[in-house]
Structure formats: structure tokens, C-alpha cells
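As recorded in TrEMBL:
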REGION    405-424  region 'Disordered'
TRANSMEM  12-32  transmembrane segment
TRANSMEM  38-60  transmembrane segment
TRANSMEM  83-102  transmembrane segment
TRANSMEM  108-130  transmembrane segment
TRANSMEM  137-160  transmembrane segment
TRANSMEM  166-187  transmembrane segment
TRANSMEM  285-303  transmembrane segment
TRANSMEM  315-342  transmembrane segment
TRANSMEM  349-369  transmembrane segment
TRANSMEM  375-397  transmembrane segment
Amino acid sequence: MKAVAKRLGGFTASVVVSGVVSLATVPFVVVYAGTDSWAAVAVGQSLGAIVGIFTLLGWVQNGPTEVARAAVTDRGSYFARSVYVRCLSLGVTVPAVAVASVLLGTAHVGLCVLSALTILVMNLGASWFFVGEGNPLGLFVFETLPKSVGIVAGTVALALGAAPVIYGWLGLAGAVCAVVVSWADVFRRNPRDGYVRPSIRDVGRIVIAQKHGIGTAVLSAVYLSAPLLIVQTMFAGATATFALADKIKQQAMTAYRPASQVAQGWTPKAGQAEMRRRVQAVAKWTLPLAFAAALSFSAFGPFASHLLSGGHIEIGWGMAVAFGIAFGMNIISLTVGVACLVPLGRESAITASATVGLVTFGVSAVPAGLLLGGVGIACAVAVGQSAVAAYQLTVFTTHMRRLGREKPDEPSFGERGVSVGHSD
């Protein structure tokens, strides 16, 4: 438990720095660049989150588990293959975000493009590798610090009178530095013994092997990031308010992420019996934590919006409650998904849950939006997230009951050859 607490504290350092830097820049962007520029940054980040799935290619979902399970001698070549495949994807994703940024019609297209590109570049990094090997110091030094320095530099430039696009360029520069130094650290410590650059056919096989992670990420990104794009398209006047509420939720999720990262690296590192005990323990503490998080967000969301925007943007109680519910349900789905279902070999259920959430959001978004505008879209997000959490909990509970009925000598689901990143 001491080792777990130490890793949690280490990952928390990255979260604290990232969260403080990200939130502290919001009032500067709003005050010095204007609400339109803030909206362009937020829309670009949402766009990057969706398109960036095809750069990250599912490694953030199953990569940490694979790294935790892999022999130390195999980790370098595993990461090298992921780097090569992810870099190839930029040939498609970079033009995609450029075209989409123009079509979305924000007030600052260039800033929107740069914000999206920053997300794409960060998806080339090694954050998931550091999580899998339980290396919070590497995550902090080689990813968090360079990225944060770029954001701070951009914020200072804004305060000194620089154009908003300079903020975007400096943020992108920080992301590039983070990726380069994180690669250098991983390859310095993990030799690429036996690594052969994948052929085009091998690249196809690797991407297919990542299908569950990609599918889950695509569906999750759509119903997590698409709402802001919908608001920008249908209710442009509410974009800044919705974006700020979404930003606060994202940072709250970032603050929670060390707990899920530690759980994700902890549950697979055990025999089958101990792993079952661990996933049950994780699921048990997640529920009350999610409930408390939802209440806290709902209560303090309006105050936080006033503070972070310097009084320029106000989040109403209706939107705060909707995002609070979505926040709590997001905690459940994230933790149960990566720390419970993946080690049990049920990653296909995560993809299915994301589909359920997307369909639920899609069905409710239009009528709710037409009725309540931006608040209605927020309510649809909450409903979709609740559907995801409910589905995952149902699958997890059912699966654990079935495992409990197995005979001692009967192999469990995870022992029948089901492994992360491969077909069922």
C-alpha cells in the first residue's frame, strides 16, 4: 500500500501542475484575448480530442496494461512500434483538423487550428507508457513540465500584448518539446532489442489489434467533445459559457486521473484470485467518490466560473448540475473501464458502453437543445454519461458473479487467452 500511495502522490504532482496551469490561464485568455478567442481555443481542443483519437490509436486505453504486463526487455520495441504508427497517422489527422477548423467558423480560425494541433502532438507522447511502468517522475519531468512551460509562456505573451495566435504557437511548441524529451527518456531506459520498422501490412495489423481501444476512444471522444462543437454550430452565443463549464469538468477529471492511473497499473499486477479482489475493491470505492464529486461540482461550478473568467462568463445552476452529474458518471466509467473491465479481458464491453452513451446522447441532444439551448446539450451529456456508467457496472457485476460460480480448477475468462489489444 505504501508503494501505491507513493505512485499516487507522484502522479498527483503532474495533475496539480497541469490543472493549476490550465485553469490559471483561462482568465488571462478571456480578459486579454476576449471571449471569442477563448471559444476558439476550446473548440480547437475539442476538435483535437476527436480527431486525435486517430493519432493516439487506442494506446491510452490498453497501452498502460500492456506495459505493466510486458517484460522490461520488450517495452522499448513495443513503444517504438506505437511511435511509428502514430506518426504515420499525422498525414491524415493534420489536414483533417485544418479543414474542420475552417468549417466550424470560429472567430479565430488560426487559433482554433493551433489548439487542435497541440492535442494531436501530445497524443504522440509517452504519458501512457509512464503510467504503465508506474513512473510518475518521468511523466512529470518529461511531459507535464515542458507542456506547462509552453502554456505559461503563451499566457505571459498575451499579458504583454501579443496576438492570440502567439499563445497558440507557444502552446504547440511546448507540446513538441514534451514529446521529444519523453521519447528520449523512454528509449534511453528501454533498448529496442529486436525492433524492426513495421511494414504497411504490419501497421494494418497493429491498428486492427488496437480496435477495441480505438473504438472506445472514438465513441468516447465523440460524446465528450462533440457537444461543444454542436453548441458552436447551433447556439454560438452559448459557446463560451458551455466551453468554460466543460473546461472545469475536464480539469476536475484531470485532478481525479491519478487515482484511476494508479488503479489501472495496480489491478493487473497480480494472480487471478488477487486481481479479482482488487477490481472489486476499486469498483467499491469508486461509487461513493463519484457521488461526492457530482455534488461538489454542482455546488461550486457557478462560483468557479465567475472566478476563472474574471466575472465575464457565468455558468447557471442548470448547467452546473448537468455537468456535475456528467462528472460523477465519467469517474465511474473511466475507473471501472480501465481498472476493472480491461484486466478482466472485457474491453469489448467498454466499446459497447461507449456506443450506448453515444446513441443515448444523440437521441436526447436535439430535443433537449431545441428546448433548453446550451443547457439542454449539457443535460444530454449527463444522460449519455449515465448510460455508459450503468452499462459498465452491469457488465462488471454480471461478470464477477459468473467468476464467483466457477470451479477452482476452471480457467477464468482472463486465463482463456484473452489479452489486451487482441481479438476476443
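Placed from the backbone N, Cα and C atoms, the Cβ positions cover glycine too.
Predicted automatically and left uncurated, TrEMBL annotations should be read as such.
Taking every listed stretch (12-32, 108-130, 166-187, 285-303, 315-342) in turn, the largest tally of C-beta pairs under 8 A with the transmembrane segment (375-397) is reached by 315-342. When Cβ distances are compared across the two stretches, the transmembrane segment (285-303) makes contact with the transmembrane segment (315-342), since 3 or more pairs at least 6 residues apart fall below 8 angstroms. A Cβ distance under 8 Å defines the sequence-distant neighbours of the transmembrane segment (166-187), meaning residues of its chain 6+ beyond its ends; these are 29, 33, 41, 44, 76, 79-80, 83, 110-111, 113-115, 117-118, 121-122, 124-127, 129-130, 138, 141-151, 153-155, 157-158. Simply put, out of 38-60, 137-160, 315-342, 38-60 has the most Cβ pairs sitting under 8 Å from the transmembrane segment (108-130). Tertiary proximity for the transmembrane segment (315-342) is limited to same-chain residues at least six positions away from its ends with a CB under 8 Å from its CB atoms, namely 61-62, 64-65, 216, 224, 241-242, 244-246, 248-249, 252-253, 256-257, 259-260, 263-264, 266-268, 279, 282-283, 286-287, 289-291, 293-299, 301-302, 304-305, 349-350, 353, 357, 372, 374-375, 378-379, 381-382, 384-386, 388-389, 392-393, 395-396, 399, 420.
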